[in-house]
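*Asks:* Just passing along the structure, written as structure tokens.
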Amino acid sequence: MASIDAILQGVSVLGPVHESQKKILTPQALGFLALLHRSFNTTRKNLLERRKVRQAELDRGVLPDFLPETKHIRENPTWKGAPPAPGLVDRRVEITGPTDRKMVVNALNSDVWTYMADFEDSSAPTWENMVNGQVNLYDAVRRQVDFKQGAKEYKLRTDKTLPTLIVRPRGWHLEEKHVTVDGEPISGSLFDFGLYFFHNAFESVKRGTGPYFYLPKMESHLEARLWNDVFNLAQDYIGMARGTIRGTVLIETILAAFEMDEIIYELRDHSSGLNCGRWDYIFSVIKKFKQNSSFVLPDRACITMTVPFMDAYVKLLIQTCHKRGVHAMGGMAAQIPIKDDPVANDKAMEGVRADKLREVRAGHDGTWVAHPALAHIAVDIFNKHMPTPNQLFVRREDVQIGQNDLLNMNVPGDITEAGIRKNLNIGLGYMEAWIRGVGCVPINYLMEDAATAEVSRSQLWQWVRHGVTTSEGKRVDKAYALKLLKEQTAELSNKAPKGNKFQLAAQYFAGQVTGEDYADFLTT
């Protein structure tokens, strides 16, 4: 094997490394990252190019469908994913959130089964956030994450088993520009996965679980194949048995919805199921078909989980997962408690209850919450309606979903000026926080992250692009969008503390809401 000095030739760390971070950015860990980069970056870039080709087809009006070349995989009933791994048999309630130290302690102290520590949509990818997140998870795996903040102490509970830790690295499209290998920035996915796996794989197995991941933003089974290749190399490199890693894939793009069987198939021995990433899924539908007027949707509040295209996606996901013996995870309850208004709080919590009841009755094996205070609602409903650790036996053989069902955009509702203003507020509120290095932010008592901001931004773009008319009879054009943007920016800026970044956020946002330029991702 090449010496570590030889491997590190061509590797540069461009961000500052503090004393506490040195245990993460060791020469051996950087050598492992370099190996991942050199082995897989070319494939990753080719797959991203393939996304562009696919987008050009969609822009020409070609609609996605189930792939003829993988029909044999979909129609073969005999293959299965891996049986649930230790600590992942029962996942009825999962809490998600960023990797700052306070969140890590609070999440692991919550009455839930797993915690998805998120380097992606709820984290702003500053160098400090990404590396400190790795430090926090390293310490959490070893139960050494207690700390003091002012007079307050944050301590891990010792009275019961802690939730299983699952890590969400960034998507394939994001880069970590602070680490370069042979002059190229490393993939954010490989950076986040590689550091966590290298330091914590054996330690987590020793403690009765394993290196478990949530895999975001994929658009095809070939992108899942790349993850599987990464997993195999990583396990071989450290001498760990193949199949120890598990990955749950978020189905949060419309293209992946047509390849669910194939995605599980590619990850077979490493698969721990699929998850309904609802906000990103809505964003993906608007984004992929942004040039197609048949896909113009009404106000964001109208796009519920029961509208035809969302209902079809949920049913197909549950049926597909259970046919293959893996978990079908439900989506996020983004509500947060409304402490100063009991009536509004009761209404919001009733919405959470109804959503979780829909999920458990549909056949989901678990669900997500963003706030510890919501955990008990989800737990009560899943305990009552799912007395077993999961419901993989709910086969949903009644379900017949075809291309038209997944693309059925008959969504009742209007486009209103209030809806436009709400989207502007969410987009501005999120971007302002992002510029300050914060990746999830409470707005109108909902925990908004990159996914929800993307829905808001993409709808605004789509409405201007297609010149829709609001229910009040106003044509939505560039001038109207910019006028409302200016008004909402002034209102938010005046209410916020001095030194806020709303004017700067509005400069970035203006280019994204006029139906002209459209960035692939707001965060890039």
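Just so it is clear, glycine is given a Cβ too, placed from its N, Cα and C backbone atoms.
The annotation domain 'Malate synthase N-terminal' is assigned in TrEMBL to 10-72. Look at TrEMBL and you will find 164-408 tagged as domain 'Malate synthase TIM barrel'. Annotation comment: TrEMBL describes R168 as active site, proton acceptor. The feature domain 'Malate synthase C-terminal' is assigned by TrEMBL to 415-524. Positions annotated as active site, proton donor by TrEMBL: D449.
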*Asks:* How big is the gap, in Å, between the Cα of the residue listed as 'active site, proton acceptor' and that of D449 (active site, proton donor), rounded to a whole number?
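*Replies:* Cα-Cα, rounded: 14 Å.
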*Asks:* Just going by other Cβ atoms within 10 Å, which of the active-site residues R168, D449 has the emptiest spot?
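*Replies:* Output over active-site residues R168, D449: least Cβ neighbours within 10 Å is R168.
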*Asks:* Go ahead and report the DSSP secondary structure tallies for the domain 'Malate synthase N-terminal' (10-72): helix first, then strand, then coil.
*Replies:* 41 helix, 3 strand, 19 coil
*Asks:* Just to be sure I understand, if DSSP states are collapsed into helix, strand and coil, how many residues of the domain 'Malate synthase C-terminal' (415-524) fall in each?
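*Replies:* Residue counts for the domain 'Malate synthase C-terminal' (415-524) by secondary structure: 62 helix, 8 strand, 40 coil.
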*Asks:* Average pLDDT across the domain 'Malate synthase C-terminal' (415-524)?
*Replies:* 90
